[in-house]
């Protein structure tokens, strides 16, 4: 028996998502991402999280807590190559690296699978699935730009942590959400957030 799935059905299927958090500044982006994923249970089949040691240090320094351990997701050690998404057979369909350090970006761009994050990214790329990289760095060197080009040419999506302000965000979490909502949309998830042209905040 052959089962045909329409594009609409595929888009509505629950997602299996990897979230990798690196040591780049911008832990608020990771926090808001995990907060929003926690509220999207019906759209998710599985969420696996991997954090580097530096990511945990940056989270504690910037956010003042260890709340990264409170989320209802399975967390994997940085060198746990037995994690399901270390193999294409687990069929995780999306990976989000948020925030992404330039070192991690370089290793992904060059196929250097030195830890679980870079191995998972390598798997996502080779399986032709969706990789979303959220770099948080400024200014950018030519090396950074070339690495972003390499990831893009391999099929990845570069979504810089560049917030928008036309929604008039009232606090840091709302600022971060302007990026995270775009990331979740790129991942094929339905999220409620500000949409340009839907209110009268902006004078015409």
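Along the chain as shown, the residues are counted starting at 1.
For all residues, glycine too, the Cβ spot is worked out from N, Cα and C.
TrEMBL: automatically predicted annotations, no manual curation.
According to TrEMBL, the FMN binding site annotation covers 23, 24, 25, 52, 101, 102, 103, 104, 136. Sequence annotations record features per position, and here TrEMBL assigns dimethylallyl phosphate binding site to 166, 182. Sequence annotations record features per position, and here TrEMBL assigns domain 'Flavoprotein' to 16-184.
Features per TrEMBL, on structure.
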| residue | record | DSSP class |
| --- | --- | --- |
| 23 | FMN binding site | coil |
| 101 | FMN binding site | coil |
| 136 | FMN binding site | coil |
| 166 | dimethylallyl phosphate binding site | coil |
| 182 | dimethylallyl phosphate binding site | helix |
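When each of the binding-site residues 25, 101 is scored by how many other Cβ atoms sit within 10 Å of its Cβ, 25 comes out lowest. Calculated from their C-alpha atoms, the gap between residue 182 (dimethylallyl phosphate binding site) and residue 103 (FMN binding site) amounts to 23 Å. Same-chain neighbours of the FMN site beyond 23, 24, 25, 52, 101, 102, 103, 104, 136, judged by a C-beta within 8 angstroms of the site's C-beta center, are, in sequence order, 22, 54, 55, 99, 100, 105, 137. Each residue in the domain 'Flavoprotein' (16-184) has a pLDDT score, and their mean in this model is 98.
Across the fold, the C-alpha of residue 166 (dimethylallyl phosphate binding site) and the C-alpha of residue 136 (FMN binding site) stand 21 Å from each other. Close to residue 103 (FMN binding site) in the fold, though at least 6 residues off in sequence, lie 22, each with a CB less than 8 Å from its CB.
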